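**Student:** The structure under discussion is supplied below as C-alpha cells; questions concerning it will follow.
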Number of protein chains: 2
Amino acid sequence: MPKEGNCVVAQSGGPTAVINASLLGVIEEAMKQHPIRAIYGAKNGIIGLIDEELYDLRMEDPEELKLLKTTPSSALGSCRYQLKPFEHDEKDYIKIFNVFEAHNIRYFFYIGGNDSMDTADKLTRYAQKIGYDICIIGIPKTIDNDLVMTDHCPGFGSAAKYIATSVMEIARDAVVYPTNIVTIIEVMGRNAGWLAAASALASKDIGAPDLIYLPEVPFSIDKFLDDVRNIHKKTGKITIVVSEGIKDKEGKYIADMSHKFGIDAFGHVQLGGAAFVLENIIREEVEKRVKSIQFNVLQRSAAHIMSKTDVEEAYMVGRMAVRYAVEGACGYMVAIKRDSDNPYSSSTELVELNKVANAEKLVPLAWISHDGNYVKEDALNYIQPLIEGEVEVKYERGLPRYAKLRKIMVPKKVV
Amino acid sequence: MPKEGNCVVAQSGGPTAVINASLLGVIEEAMKQHPIRAIYGAKNGIIGLIDEELYDLRMEDPEELKLLKTTPSSALGSCRYQLKPFEHDEKDYIKIFNVFEAHNIRYFFYIGGNDSMDTADKLTRYAQKIGYDICIIGIPKTIDNDLVMTDHCPGFGSAAKYIATSVMEIARDAVVYPTNIVTIIEVMGRNAGWLAAASALASKDIGAPDLIYLPEVPFSIDKFLDDVRNIHKKTGKITIVVSEGIKDKEGKYIADMSHKFGIDAFGHVQLGGAAFVLENIIREEVEKRVKSIQFNVLQRSAAHIMSKTDVEEAYMVGRMAVRYAVEGACGYMVAIKRDSDNPYSSSTELVELNKVANAEKLVPLAWISHDGNYVKEDALNYIQPLIEGEVEVKYERGLPRYAKLRKIMVPKKVV
C-alpha cells in the first residue's frame, strides 16, 4: 500500500533550461497521487532541508506553475553542498531527518547530477539505518550529459541545440568580410565533451565548425597548430570549438596555461579559459585576426531555444519519479531509455542510485575522429534526436514570460 | 518615366539579424517593377562593384530567397571600405562607373550604416558630376541604432530583444546559489548606448539589471564602485550591463585600462574589454565572486530570436527603396517614421543621404538617470515596441534552416 504523507522536491547543481520542467512534472504528478498530501520545495537543494526552509508549492498560482515548463534555471534555488558520509559525521543527517519527521515527509525527489545522486543514495542508506520510512528518488539533470546508466540527461538536448544554433550564427557572421578570421568558441564540459561534440550538428549549415576538441583526447598545442595551419592554407576563415576542460597529455588544463602569456604574476586577474589561451597562441603563430567566444551560462539557461524532446523528457522523468515512488520504489534514479532512433522514442526505467553516484560517462573514443579534432557520425546520430522539436515559449511584450513563484514558506517546526 | 535598366543591391558594415530581410525586400520589389530588368547583388559591398563581382539574383531558388527574411548575417558578404572623396582620388569611382555602364546599372541600393550612406552620397554626387543616369538609394541597417533622421534602425530591435532576453536568462541563472555573485555583461555600442539601454527591458522579469552604464555619460570608477557597494550591502547578487564604449571624463576607453592590471607589457595578449576591466576591479574591491560576459557577435546574428517588428520594418525599407527609386527618387535614404506608439505603427520617408552620412544619434541625456547608472521610462517607451512580436523561423532537424544561395556570378565585362 502506498505510503501516505508529504513530499519534498529539490534542485541541485548547475541550472539547466529544463530543470524546472522536471520540477513541474513532480508537482503535477504529486497533485494527482492521493497518498501524497503536502508538496514542498526545498530552498537551495539539500541546504533547504538542513535549514528547514521549505516552500509550500500547493500555494502557487497554477498558471505560474505551468510556466515552469519553459522557465530556465532552478526555480527553487540550487546548491553545491556535499553530505559527508554519515559513518563519519551524522550532524546534517540528524537535522534533515528531524525535518522529514516533523513535516511527515515520506517522499523526497532530488533533481541533479551525479553529486546529487550520491546525496540521494546516502540519505536512502541513512533512512534504512535509522528505520525511517521514506522513498527517495533521483531525477537526472545536467547539460554535461555525463551521468551513467541513462541514455542521456535532461538539459543536454537544449544546451546542445543552443550551442549548434549559436555556432551556425557565429560562423555566418564570421564569413561576411573578405578577410581572414579564426574564431574559437569555448563550451562547457570539464571532463566530458558531449557539448563540444554537439556543435558538429551545425556543420550542415555552412560547414562550421572546422575543428572540435574534446577533453577525452589529450590536447597537443603542436598538433592543434598543425590542424589550424592546414585549414588556414585553404581558407582564412576557421571556426573551432573547444571544451573548457581540454587537457594536455600530462593532464594539465590548457586553460591554466595563461602564465605562458606572462599573466599569472598578477594573481588577481581572472582569465578566460581554454579558448582565451588558444586565441593568443593563434594570434602569435598563425593569424592576427582571431577571437574567442565563451557561451558562459547562456548555454545552460537559454530557454528561448529549448529542444522539445528535451523539455518533454525532463517533464516525463519528473512525473515518473513520483509514480515510481508511490508504487514503492526507493533508492533509484529515473533513467531515460532510448527505445528507437527513427522515429525517436524513449521511456524511463529505474537504476540504482549508487551505480550513478560518482561515476561519469565520457564520449566514447570510438566516436571521436582518429585525428582527435572532430567527432564521427555515430556521435551525431546519438545527439541528433535530442535537439529536435521546438517549444512554444510564452512571450509578453516581446520577451519570454518566465514563471514567477510566490514561494510561501512552510512554518518551521524544528529549527 | 521610370528608368529602364538593371539594378545592384549590396550590404555593408557589421551584419545584423535582419539585414537579409531588407535584401529580400529589394529583390522581391525589384521583381515586381518592370523597368528593372536584371537584379544583381554585389559581393562584399562596394568592393564587389569595384572588382565587378556580381551575383545574378534572378538565378536563385525562390524558396531559398524567401528564407532570407529569417537568415542572419550579410548573405552577399560585407565590407568596411571607405571611398576617398572623388575630388582627391577618382580611381575607385572610375572602376565602379565602368561596371555600372558595362552592365547598364540604373539603380543601386546600398544597405548599411552611416559610412555606407556616405558612400551612397559620394556615388550620387559623382554620378551627377559625370552625368551618369542612376538612382542611388540608401537602406538603413545597424544594431547600434545610431543613424540620424530615422526614428530607429532595422537591426536594433532584434539585437535589443536578444540582449534583454539573455540578460533575463543570465540573471535567473545567477541567483540560484545561496552565494554572492556580481555579473557584468558587456554589449556593443562604441559611442551610442542604445543596446545597453535596451537591457533595462529585462527588469520586468526578476529586476535585473541593477545598473546600466552608457557611453553617453563619462564613466567614473569611484562612482561605479559606490554604486556597486550600495547594492552589495542590500543584496549580494548584482547584474550590471555596460556598453563596450564607456569612457572616463578624459574620453579614455575603460576597455583600454587593462594596463592597470599589469597586462599591457605583454602586447600580444588581447583582453576582453570594458567588462573584463570592471570584473577585475570588482574582484579586488568589492566581491570575489564576479564574472564578465560578452555577447560578442551573437547579439547581432541571433536570428533565432528576432523581433517581428524589426524584421517587417527591415523588409519594408528594402521594398520601399525600390519603389521610391522607380518613382525617380535619388540620393536619399529610406527612413522609418514612427506614426503611433500605441498601437505601434510606422511608415517610411525619404531623407537626404548627406544629412545621414557621418552623423551619429546618441541616447538623449534626458533619458539617462541623473546618477548616470540607469535609463529612464522615456527610453523604455521608445525601445519597447521595437522588440515586440516573434518570428516563426523555419527549423529542420532541430536547427534553424537559413538560406543557402547559389551565388551565380555575372560574367565580367570590364575587369
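Using the three backbone atoms N, Cα and C, a Cβ is placed for every residue, glycine included.
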**Student:** May I ask you to find which of B:E87, B:E90, B:E244 TrEMBL records for the substrate site already listed with B:T142, B:I143, B:D144, B:M188, B:G189, B:R190?
**Tutor:** B:E244
**Student:** Over the domain 'Phosphofructokinase' (B:7-283), work out the mean pLDDT and round it to an integer.
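**Tutor:** Computed over the domain 'Phosphofructokinase' (B:7-283), the mean pLDDT is 94 on the 0 to 100 scale.
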**Student:** Give me the CA-CA distance between B:E244 (substrate binding site) and B:G14 (diphosphate binding site), in Å, as a whole number.
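**Tutor:** B:E244 (substrate binding site) and B:G14 (diphosphate binding site) have their Cα atoms 15 Å apart.
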**Student:** So how many other Cβ atoms are close to B:G14 (diphosphate binding site), meaning within 10 Å of its Cβ?
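**Tutor:** Other Cβ atoms within 10 Å of B:G14 (diphosphate binding site): 23.
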**Student:** Looking at the binding-site residues B:N114, B:G189, B:R190, which ones sit with their CA no more than 10 Å from the CA of B:K141 (site 'Important for catalytic activity')?
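**Tutor:** Within 10 Å Cα-Cα: B:N114.
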**Student:** Across the listed substrate-binding residues, B:T142, B:I143, B:D144, B:M188, B:G189, B:R190, B:E244, what is the farthest Cα to Cα distance, given in whole Å?
**Tutor:** 16
**Student:** Take the C-alpha atoms of B:N114 (Mg(2+) binding site) and B:T142 (substrate binding site) and report the distance between them in angstrom, rounded.
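**Tutor:** Counting only the Cα atoms, the answer is 9 Å.
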**Student:** Could you round the CA separation between B:T142 (substrate binding site) and B:G14 (diphosphate binding site) to a whole angstrom and send it over?
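**Tutor:** That separation, Cα to Cα, works out to 7 Å.
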**Student:** Once near-sequence residues are set aside, which residues in the chain of B:D115 (site 'Important for catalytic activity and substrate specificity'), 6 or more away, have Cβ atoms under 8 Å from its Cβ?
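**Tutor:** In sequence order, B:S12, B:G13, B:R80, B:Q82, B:A357, B:N358 meet the Cβ cut-off.
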**Student:** What Cα-Cα separation, expressed in whole Å, is found between B:D144 (substrate binding site) and B:G14 (diphosphate binding site)?
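**Tutor:** The separation of the Cα atoms works out to 10 Å.
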**Student:** Per residue, counting other C-beta atoms within 10 angstroms of the C-beta, which of the binding-site residues B:D144, B:E244 reaches the highest number?
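**Tutor:** It comes out as B:D144.
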